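Taken from Swiss-Prot as is:
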- 33-82: domain 'Myosin N-terminal SH3-like' (DOMAIN)
- S36: phosphoserine (MOD_RES)
- 86-785: domain 'Myosin motor' (DOMAIN)
- K130: N6,N6,N6-trimethyllysine (MOD_RES)
- G179, E180, S181, G182, A183, G184, K185, T186: ATP binding site (BINDING)
- Y424: phosphotyrosine (MOD_RES)
- 662-684: region 'Actin-binding' (REGION)
- 764-778: region 'Actin-binding' (REGION)
- 788-817: domain 'IQ' (DOMAIN)
- 846-1942: coiled coil (COILED)
- S1095: phosphoserine (MOD_RES)
- 1156-1175: region 'Disordered' (REGION)
- S1165: phosphoserine (MOD_RES)
- T1268: phosphothreonine (MOD_RES)
- S1477: phosphoserine (MOD_RES)
- S1517: phosphoserine (MOD_RES)
- S1577: phosphoserine (MOD_RES)
- S1606: phosphoserine (MOD_RES)
- T1739: phosphothreonine (MOD_RES)
- S1742: phosphoserine (MOD_RES)
Amino acid sequence: MSSDAEMAVFGEAAPYLRKSEKERIEAQNKPFDAKSSVFVVDAKESFVKATVQSREGGKVTAKTEGGTTVTVKDDQVYPMNPPKYDKIEDMAMMTHLHEPAVLYNLKERYAAWMIYTYSGLFCVTVNPYKWLPVYNAEVVAAYRGKKRQEAPPHIFSISDNAYQFMLTDRENQSILITGESGAGKTVNTKRVIQYFATIAVTGEKKKEEATSGKMQGTLEDQIISANPLLEAFGNAKTVRNDNSSRFGKFIRIHFGTTGKLASADIETYLLEKSRVTFQLKAERSYHIFYQIMSNKKPDLIEMLLITTNPYDYAFVSQGEITVPSIDDQEELMATDSAIDILGFTSDERVSIYKLTGAVMHYGNMKFKQKQREEQAEPDGTEVADKAAYLQNLNSADLLKALCYPRVKVGNEYVTKGQTVQQVYNSVGALAKAVYEKMFLWMVTRINQQLDTKQPRQYFIGVLDIAGFEIFDFNSLEQLCINFTNEKLQQFFNHHMFVLEQEEYKKEGIEWEFIDFGMDLAACIELIEKPMGIFSILEEECMFPKATDTSFKNKLYEQHLGKSNNFQKPKPAKGKVEAHFSLVHYAGTVDYNIAGWLDKNKDPLNETVVGLYQKSSMKTLAYLFSGAAAAAEAESGGGGGKKGAKKKGSSFQTVSALFRENLNKLMTNLRSTHPHFVRCIIPNETKTPGAMEHELVLHQLRCNGVLEGIRICRKGFPSRILYADFKQRYKVLNASAIPEGQFIDSKKASEKLLGSIDIDHTQYKFGHTKVFFKAGLLGLLEEMRDDKLAQLITRTQAMCRGYLARVEYQKMVERRESIFCIQYNVRAFMNVKHWPWMKLYFKIKPLLKSAETEKEMANMKEEFEKAKENLAKAEAKRKELEEKMVALMQEKNDLQLQVQSEADSLADAEERCDQLIKTKIQLEAKIKEVTERAEDEEEINAELTAKKRKLEDECSELKKDIDDLELTLAKVEKEKHATENKVKNLTEEMAGLDETIAKLTKEKKALQEAHQQTLDDLQAEEDKVNTLTKAKIKLEQQVDDLEGSLEQEKKIRMDLERAKRKLEGDLKLAQESTMDVENDKQQLDEKLKKKEFEMSNLQSKIEDEQALGMQLQKKIKELQARIEELEEEIEAERASRAKAEKQRSDLSRELEEISERLEEAGGATSAQIEMNKKREAEFQKMRRDLEEATLQHEATAATLRKKHADSVAELGEQIDNLQRVKQKLEKEKSEMKMEIDDLASNMEVISKSKGNLEKMCRTLEDQVSELKTKEEEQQRLINELTAQRGRLQTESGEYSRQLDEKDSLVSQLSRGKQAFTQQIEELKRQLEEEIKAKSALAHALQSSRHDCDLLREQYEEEQEAKAELQRAMSKANSEVAQWRTKYETDAIQRTEELEEAKKKLAQRLQDAEEHVEAVNAKCASLEKTKQRLQNEVEDLMIDVERTNAACAALDKKQRNFDKILAEWKQKYEETHAELEASQKESRSLSTELFKIKNAYEESLDHLETLKRENKNLQQEISDLTEQIAEGGKRIHELEKIKKQIEQEKSELQAALEEAEASLEHEEGKILRIQLELNQVKSEIDRKIAEKDEEIDQLKRNHIRVVESMQSTLDAEIRSRNDAIRLKKKMEGDLNEMEIQLNHSNRMAAEALRNYRNTQGILKDTQLHLDDALRGQEDLKEQLAMVERRANLLQAEIEELRATLEQTERSRKIAEQELLDASERVQLLHTQNTSLINTKKKLETDISQIQGEMEDIVQEARNAEEKAKKAITDAAMMAEELKKEQDTSAHLERMKKNLEQTVKDLQHRLDEAEQLALKGGKKQIQKLEARVRELEGEVENEQKRNVEAIKGLRKHERRVKELTYQTEEDRKNVLRLQDLVDKLQSKVKAYKRQAEEAEEQSNVNLAKFRKIQHELEEAEERADIAESQVNKLRVKSREVHTKIISEE
């Protein structure tokens, strides 16, 4: 997410693209409850926000935002996303992906005027219905070069991504913009074109000038100006949109190799030409009509002979005539200027306006019916005169052609009469055809003008097409549009799946192959496949008597009940009738087929078309000529259903042309990288900011946004990098990732997710990311929020405690300081009046003044000497530095020179090798191109030879026709027709010669452009396209020739020509397969060469690795030597510390001497002499100390010299290594060797870097030690400045020098940081090189895979070719047979041969289709070969890039060596400065000896305080250890206690539930009432017999299941412990009451256990495995708990060792002790409360008796409920698991209770002692009470024994019932399996029957068709036979006449 500073570049558009950081943070911090915040289904709003109040039985009660409470089902509730996802820019990242989340995200962003939002691959845009400042030049500049995730969503971001992908990936791009009318498709298309026109010319100082007289503007202006012209003629007002595009368009913008604009072209689809003659009330026709009548240009009004009132013209005034939001006058000027900019001539401009005016006049033409006839005649000629004048036609001819058109019947033309309605229909069709053809011609002219003939490399296509349409009345237009969207959605699904598949494959995720593109295949095949809707429609158009009803019947017969996507619509009141329904992906659409046959045929008045072709207006004549039709087919203009016309004699329907253009569009899209934009209408009223939920949801479904989300949810939509996941979610379980050791982010993420309680099937681990299913990330976020809340609360508590303790510590220190001051003041007040003290006060200053003067003089002399020495040392150091710098510079220059020479030599060799390779490749390509050109020339020669043969055959046909001319009169007419068609053929052959000439020109162009490989590939693609077009034309011409020969009924020539055509196609296919085979062999040879080179590279890599190992050994030796030097330095440092210690001892002795002097006061002369001796000794010791320091300095100097020598040796060795590296670089031949060498060098550098870092750390430690010493010395000097004023300036100089040292240290640290950054940069580059290498290897592997695919395809082609040859030979044999039959009996069998000819023609057509399929496969193989060549070129470019990167790395390595030398130089400088500072410190340390008086008292006091502090610290540490152990134990006890209490509560709840359910079950068992009546009287015997029964059960369970042993043993032990405790406590009343309470509680527990065991014993065998697994799980959990406890123990030990303040920990422990004592008191109170429970004994007994009575009452009703016991027994199996868990809890409770019992035993002993003192009376009373209680216990035991006996009987009964239920269940399962098998068989039989019925229907249809054809053939044969008989009679009569005359 960008910051506010980064968003500033967007200017005023920033708030409309992304909200500020403050607003985002406020929105995300809103209160949110993930469990209660939901969306619920609402009847009005579709979905509303709500808060869950309760969930019961699959129903959810929620309170909506409006305050209403609703109850809905679970599946109507959708969870809400956390606030962090509010207004999210990419909806695919939401953790909960569903319809309401998408809807409300769009709504909230739209309310904030952020109209663009991503949804995975989609960019969704909502129409704002107002102007927003988000398209200005500032925004264009801000989006340029930005990645998608770096900027807010925008159409400019999509455009720039397409542009950048085109430049980087060298692949054509496309932007698919879809949506309903009024959604903003056209506006976004304009913005895309504006963006490309802006950025593609940025940087050009001079714009392109006009290259001819036609161009009136630059290419950018023309591209932008194409929109106003197309909008004027193609846009209109609709109900939803004032400027709705009524056609689809695909704009291709071509770019050159550098990314500059080269040219553009436009393809149009589905123009709504019906709007020319008809509009709804709320709509109007195309804008151009109203622009012309706006009277902005009066000369147009005069020229077109029209008025300014639209109501004068019927075609344009059926709806509204004005639009408030459009100024027609301004739009007219924009259209007129666009015509100028686009280079239309003045004649063309006038023609455009005149034809538009003629269309308006057509609507006013009137016709009437003749009297007593149905014939129409003109009702006035004024309007017709105007229309004819505007079109340069004769008015009378026009009217005659309309009323009396000439129709061709056979080979004759007849005049046909027209009714009035037929004339009006013809006029409307002509008006629509003129307008449509003019529009398509304008598109063709625009394309010609935008084609600048500049070299173009790639293109970006922008598709602006209508979205899915579901209206009340849906016709053929809606079917075409919906079918287009279906194909586009399939294309998107497949593309999205491929991207997801690549992502999963790249990340190594196991993913099942699901091609979502196949989801829509059923609907698409239903429409376009053979016998589909389009196929049936075209078939019906072939029959003259076909109607809409017959078309509907055929649809029903073919598809109703056989395809799930084809349905019969349900009749709806108030709606137009629908004939069939199709289930599209966006919904079910009802279609009305009225008029589909006429729409598909698209008939025109051929007589009027002939007039148009002869018009003197060139534009009109061109529109209706054959060239225009060809231009339509090439430009794609007509785009489908509107512009189809007949070409030659072929018959092409609107649907066929639409499918052809759609297939071209899909081919274009598949060859590009697509980008998807979906436009949304927010409301129907065009209100800004308002959003209608149902409308938006409908569009999201239709646009495929929700479909994309469905696909996304199938996989893993949420994905996070491992490092980000570890950083964000580590807080969930920090203990899962061990501290203090390195662990990979991926392993850490795996451990973290494995330790969290989530569904582990909902995520997968990739190579770099972790993938999550939808919804899991939201759960993790919720868990993280809860954890953070706990941590923050705990942190706040710790911080508050810490602050309180700090404040308390300050108070304690303040108190101690006050006590110290008070003590000293009192002592001073006591001694200040002593006489000796007064004398001391007077003498003490005098002694100090004399001493200070001497010391000052000595210090001055020493300072001067030190200054001189420092100056000399500085001078020497500077000289040495200058010399060293000069030497290092020379050394670096030499290294750089040698390195540059080696690099230049290596680069030259590599360039030479590369040029040789490219030359060889180019020569091979040129050779291939020339060979292909020669092959094409041979093919063309063969075609010309065939043409000659055809001409010869035509001459033979002429002779045959001359012979037949004597007998048949009609044959003469057919002959003339044949001659005309032959002339047409010769003209087409001339066109073929022109195409051959074009091919030769292209060959020359290819030979000239061989040096540029990319241009060569482009030319080859153009050549292939032209060849395929020529081939299509040739095939069409051959088809025309076949038609003419069919009319002449010459079957033999048809068959021979078809044979030759098949032979030619086969030869072409063979040659293409040979070319593919040659290419494959070349690729195999290249692969073998590459593999050989890779093996050589591998061997060289191994050699260099061995050399790298040797270098690493040398470096390790050098590192060992450096470590030895460091050890010597450490020894020197230790000796220096020893000397310092001696100095301190001497100073301490001096201080003791001075103390004695001060105590003596006025000493004798002997003492003074003694003091002088001591001073002399002190001076001698000082001199000795100085000599020792000098010796240490000398040794340090020698060590430094050794270190410098070792550094020099290292430098020499580095130079040697450099020379060796250069030699190795010369031997490098491929990129992989350089990368490996760099890797080895990087390892060496990293190790040397580590050594240098160690040295730097040691130096930093020394600097820090010196710094601390300097600071201490500076502090002492500052204290003496008050007494030494003259030395103040000198101390200032010292402090300044210390600041300089600090700055030097900071400089060193900064240098170190820069050094580390450079090394990290080198590592990053090395990783990039490794990634590039892996990418190359992957590309090589993919190319091998492609070669394998090509080989397989070639084998398939060979098999197909063999099949074709067999078919051809069979056809040839049949042709020979038919030829012999024809020659023997040609006249009699004419009709039969016609039938055979049709069959053969059908078979030939099938063979041709097969050959076309083979050619298509060959073309696909050629494309794959070209793609492989492109990939090879890409690999070569990648190799060049990696070579350049290696050179850059070499340069960086040299820079690194230079930086290393500078670092060493800085190190020596700092070392010298450190030595100087050490000298200064030694000089300052001599002064410390003179500062005795002020230092003595503080030193003594400090020593005493230290000793005391040390003792205290030792005591405190001992106490803290003890306290910590005690606290830990108390803490553990507290945790155990809490856990036990929690388990106790859970156990009690579970036991209560189990008791209630089991009591309910007891009432249902048969015959239990007899046994339970004795429970009251025999409860004493029940306890004893229960003991025996438990023992028996224990033995049984040991044999049956070992897992139940633990529970039974626990119960037996608890009971035995209770009995033992009861016997021990017989002597005391309190003890007996406690035991009685315990025994009663145990009796109740025994009763409950008896009921529990009743359920346990029922399904023991079934749950044996579950119990074992549960035991193993418990063991694993115990082991995990022990491990965690060990980890916690280790952490506690570490924390204890790292405590910084012992006082704080001691107080914490004291506080914890207090807390523990309070908890102990709480435990005592709980124990007392347990003792008080004895008073409730009598009440408990009465409650038990009442319960027994209830049980007896329930037993009386048991017979009625006994039948339900079988079903309820299954429920008890589920409770077994619960009881197993409770048994474990009971075990833990028992141990705790044993501890409490021991405590109580201790207290009872004390009470017993008290009781003995109480007296005999009290004892007697107690004994009596005990006996009473014992009697009661015995009675209870007896009753218990009786209950256990009854229990055994019931258990046997329960076992019998369980066995019976098990048998019944097995029988039911067997019956269910049998039923399922029978149902599956029935379904299979039904499916087979349906298939057989379908096949029979197909066969029946074929049979009927063949029977119909047979009947027609028989009729024709009868007619022919009768004619033959007549001719025979005539010939005989003629013969007889001749004989008679003779």
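Each position is counted from 1, following the chain as shown.
Keep in mind that glycine also has a Cβ here, set from the backbone N, Cα and C atoms.
DSSP assigns G179 (ATP binding site) to a strand in the three-state reduction. In this structure, the CA atom of K185 (ATP binding site) is 15 Å away from the CA atom of the residue listed as 'N6,N6,N6-trimethyllysine'. Look at the recorded positions K130, K185 and count other Cβ atoms within 10 Å of each Cβ; K130 has the fewest. The Cβ neighbour count for S181 (ATP binding site), using a 10 Å radius and every protein chain shown, is 19. In the structure shown, across all protein chains, T186 is the one of the recorded positions T186, S1095 with the greatest number of other Cβ atoms within 10 Å. For G179 (ATP binding site), the same-chain residues 6+ apart in sequence whose C-beta sits under 8 angstroms from its C-beta are K185, G467, R678, C679, I680, I681, Q699, N703. Ranked by Cα separation from T186 (ATP binding site), the modified residues S36, K130, S1095, T1268 are led by K130. Model confidence over the region 'Actin-binding' (662-684) stands at 90, taken as the mean pLDDT rounded to a whole number. DSSP states for the region 'Actin-binding' (662-684), grouped as helix (H, G, I), strand (E, B) and coil, give 9 helix, 8 strand, 6 coil.
Listed in sequence order, T125, N127, C679 are the same-chain residues six or more apart from G184 (ATP binding site) with CB atoms under 8 A from its CB. Comparing the modified residues S36, T1268 on other C-beta atoms within 10 angstroms of each C-beta gives the minimum for T1268.
Residues within less than 8 Å, Cβ to Cβ, of A183 (ATP binding site) and separated from it by at least 6 positions along the same chain comprise N127, G467, C679, I680, I681, Q699. You'll find the Cα of S181 (ATP binding site) roughly 39 Å from the Cα of S36 (phosphoserine). There are 24 other CB atoms within 10 A of the CB of E180 (ATP binding site), with all protein chains counted. Residue counts for the domain 'Myosin N-terminal SH3-like' (33-82) under DSSP (helix as H, G, I; strand as E, B; rest coil) come to 3 helix, 31 strand, 16 coil. G184 (ATP binding site) falls outside any helix or strand according to DSSP and counts as coil. Cα of E180 (ATP binding site) to Cα of K130 (N6,N6,N6-trimethyllysine): a span of 18 Å. A separation of roughly 61 Å, to the nearest angstrom, links the Cα atoms of S1095 (phosphoserine) and T1268 (phosphothreonine).
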